[in-house]
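Below you'll find the structure, written out as structure tokens, and then a few comments.
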Amino acid sequence: MLGFSFTYWLEGNMQTITFFQRFEADILAGKKTITLRDKSESHFEAGQIVHVANLETSHSYGQVEILSVAWVKFDDLNQLHAEQENMTLVELKTLIREIYPEIEQLYQINFKLL
Ligand SMILES: CC(=O)Nc1cc[nH]c(=O)n1
């Protein structure tokens, strides 16, 4: 019984990373395996297991393991980043500029769906 209550406590204490709803299908299909965030979301750490949810609805649709968190400059974004985001490099840079208009220093969070 202690195990169950601890697991329940752990669930209640797990962080959540939110994505725009339009990314849900790619994440569930394993096609989107990184996300580029600003400093406000640089607190995630490799090894963490976190809930994944839609920003718009708060609907949680799974859990991901954080594999790595590393700095990347906007100007250094390349084709590999685009492929890991399941989009073209132009689409990726446009998206990032829409979300973070002035940003130069990003945090690349690599994750895998569990
Ligand atoms: C909600 C939110 O910030 N979503 C983002 C931001 C950057 N990349 C991404 O995949 N999702």
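Every residue gets a Cβ built from N, Cα and C, even glycine.
It should be emphasised that the depicted structure is a prediction, and the values quoted were computed from it without experimental measurement.
The domain 'ASCH' annotation in TrEMBL covers 17-114.
As annotated by TrEMBL, active site, proton acceptor applies to K32. Classification of K32 (active site, proton acceptor) by DSSP places it in coil, neither helical nor stranded.
The active site, nucleophile annotation in TrEMBL covers T35. The Cβ of T35 (active site, nucleophile) has 22 neighbouring Cβ atoms from other residues within 10 Å, across all protein chains displayed.
Taken residue by residue with DSSP, E85 (active site, proton donor) is part of neither helix nor strand, so it is coil. Residues or ranges marked as active site, proton donor by TrEMBL: E85.
Proximity of the active-site residues K32, T35, E85 to ligand 1, judged by a Cβ distance under 6 angstroms to any of its atoms, singles out T35 in sequence order.
Each of the active-site residues K32, E85 was ranked by the number of other C-beta atoms within 10 Å, and first place falls to E85.
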